[in-house]
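Asker: Once you've had a glance at the structure underneath, I'll fire off some questions.
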Amino acid sequence: RYPCEMCPKSFSDKSNLNAHLLTHKGIRYNCDKCPKSFSQKESLKIHVLTHEGIRFPCNKCPKSFSQKGTLKAHLLTHKGIRYHCDKSPKSFSLKGILRTHLLTHEGRSKNLGTSKIHCKTIVQHNIYFRHKL
């Protein structure tokens, strides 16, 4: 693991740590189509796709997504596989979301709201799935 020296987070990959370190510099990447801004350039690139109007529909339900990676993550919810927290009654369709949730029990991300944790994890999965395409 590669620990961040500025916060309690650690990463399995040095490049992920380096990308994370930029969030501590206070640099923001602004979307030129809406008021949103991001601490990581890759997050802005993913966000910009939402403005292009391209949709990826789910073939199992009426939902559609602006990013192929989000659709792939969503399709896992239809498989019925659940990852259960052993410290609370919660369960999740993505293992990465469970891992992030487990940090709340360790007090490592107590000031992050659930929706922020979920969104951040989904962004991480989008980056992963875009890389795999």
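For all residues, glycine too, the Cβ spot is worked out from N, Cα and C.
Unlike curated entries, TrEMBL annotations are predicted automatically.
What TrEMBL shows for this protein is this:
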- 2-29: domain 'C2H2-type' (DOMAIN)
- 29-56: domain 'C2H2-type' (DOMAIN)
- 56-83: domain 'C2H2-type' (DOMAIN)
- 83-110: domain 'C2H2-type' (DOMAIN)
Asker: So what's the average pLDDT for the domain 'C2H2-type' (29-56)?
Answerer: 91
Asker: Checking distant contacts: for the domain 'C2H2-type' (2-29), what same-chain residues at least six beyond its ends satisfy Cβ-Cβ under 8 A?
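Answerer: Residues packing against the domain 'C2H2-type' (2-29) from afar: 37-44, 108-109.
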Asker: Report the DSSP secondary-structure composition of the domain 'C2H2-type' (83-110) as helix, strand and coil residue counts.
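Answerer: Counting residues by DSSP class gives 12 helix, 4 strand, 12 coil.
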